[in-house]
Amino acid sequence: MAFKCAVVGAAGGIGQPLSLLLKNDPLVKELSVFDVIPLAAGVAADLSHINTGAKVTSHHGFDGADIRAALTGCDVVVIPAGVPRKPGMTRDDLFKINAGIIKGIAEAVADACPKAMVCVISNPVNSTVPIFAGVLKAKGCFDEKRLFGVSTLDIVRANTFVAELKGLNVTDVNVPVIGGHSGVTIVPLLSRTTPACEFTQEEAEKLTHRIQNAGTEVVEAKAGAGSATLSMAFAGARFANSVMKAMNGEDITECAYVYSSIQDGVSFFSTEISLGKEGISKINPIGKVSDFEQKNIDIATDALKANIAAGENFLSA
Ligand SMILES: NC(=O)C1=CN([C@@H]2O[C@H](COP(=O)(O)OP(=O)(O)OC[C@H]3O[C@@H](n4cnc5c(N)ncnc54)[C@H](O)[C@@H]3O)[C@@H](O)[C@H]2O)C=CC1
Ligand SMILES: O=C([O-])CC(=O)C(=O)O
């Protein structure tokens with residue numbers, strides 16, 4: 001079975017290559033391209049000339065009716081809408097603008113496609129996902145199995161950096177990355193790398209630091225012109241494809257930042273999740289970790305408490 005998939009923020013740096021990758025995904029039967037800016041129509045016209053199966057439709061505009069029309073009938077909604085970082089900013093500095101953007105999109109999802117699988121890319125993910133959940137709860141349609149904060153780029157990066165260091169074929173490597181998606185909340189579980197790898201303490205510390213700061217590496221390299229777009233499009237398309245494969249009955253495991261009671265003290269956390277026809281079928285426990293990783297999990301949990309509270313307070317203000 002193939003699905004109707006929307007990209008919200010489709011004219012942006014991530015949105016355009018993400019839409020391209022989804023247009024090329026055989027599991028997408030219709031690609032609904034949405035952005036507030038009129039460029040969405042041009043992106044859709046461009047994509048529509050590609051001879052793959054997905055039919056392309058497009059909507060744009062600031063009127064709530066436009067986004068609701070784009071979302072109607074969608075099975076999967078992927079959201080890279082909102083402002084990216086510039087050098088010197090943290091992801092939390094984006095909260096002021098992106099919190100409001102995410103709230104509006106969540107209201108539209110609740111009205112137009114409350115049963116869709118929702119994949120939130122917009123930063124700060126640690127706070128935008130709690131905001132999304134809060135809006136759906138208020139609208140009476142929150143299904144914790146269908147809301148995902150996309151942290152896949154952290155896994156993609158960890159796999160790449162470990163393969164480079166250990167001389168492995170990168171497509172064989174899998175490093176679970178748990179916690180959240182910013183700075184110290186990003187916790188790679190190098191001890192659980194497959195295929196099994198040994199790391200010295202120095203290697204583990206250096207790799208962890210690089211994975212936690214990889215977003216900043218790109219922000220600085222782009223020198224004011226934005227943050228990761230191409231690697232994020234790749235990661236977002238991989239995650240959406242995993243969700244759709246699971247909707248078709250395949251057993252799939254991915255890490256994602258979700259509503260979870262796995263970690264004491266926080267209501268959202270990323271661990272490995274099993275995906276099925278109805279979204280999350282199981283949230284896997286953290287499992288065995290090294291002392292270094294446990295210390296990082298504790299630091300991440302403290303930081304996440306504040307990020308989640310910021311999201312919840314935004315809605316109650
Ligand atoms: N989760 C992750 O791993 C990553 C997240 N990001 C985040 O993704 C977001 C987007 O980044 P870029 O594509 O580089 O930014 P961009 O500025 O190039 O594109 C954002 C797009 O969102 C659109 N937009 C703004 N408000 C909207 C609304 N209410 N509805 C629909 N579209 C709207 C804009 O018109 C623009 O086309 C940023 O918040 C960034 O921090 C970026 C990289 C990785
Ligand atoms: O660093 C940023 O601002 C964008 C992002 O989330 C990433 O690249 O991981």
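Backbone N, Cα and C define each Cβ position, glycine as well.
MET232 is the residue from MET1, MET89, MET232 that TrEMBL records in the NAD(+) site together with GLY9, ALA10, ALA11, GLY12, GLY13, ILE14, GLY15, ASP35, ASN98, ILE121, SER122, ASN123. Residues ARG85, ARG91, ASN123, ARG157 are the ones the record ties to substrate, and the longest Cα gap between any two of them is 19 Å. Contact annotation for binding-site residues (ALA11, GLY13, SER122, ARG157) versus ligand 1: ALA11, GLY13, SER122, each with CB under 6 Å from a ligand atom. Rounded to a whole number, the distance between the Cα atoms of HIS181 (active site, proton acceptor) and GLY15 (NAD(+) binding site) is 19 Å. The recorded positions recorded for this entry are ARG85, ARG91, ASN123, ARG157, HIS181, and the Cα of ASN123 lies nearest to that of GLY9 (NAD(+) binding site). For the pair formed by ARG91 (substrate binding site) and SER122 (NAD(+) binding site), distance between Cα atoms is given as 10 Å, rounded to the nearest Å.
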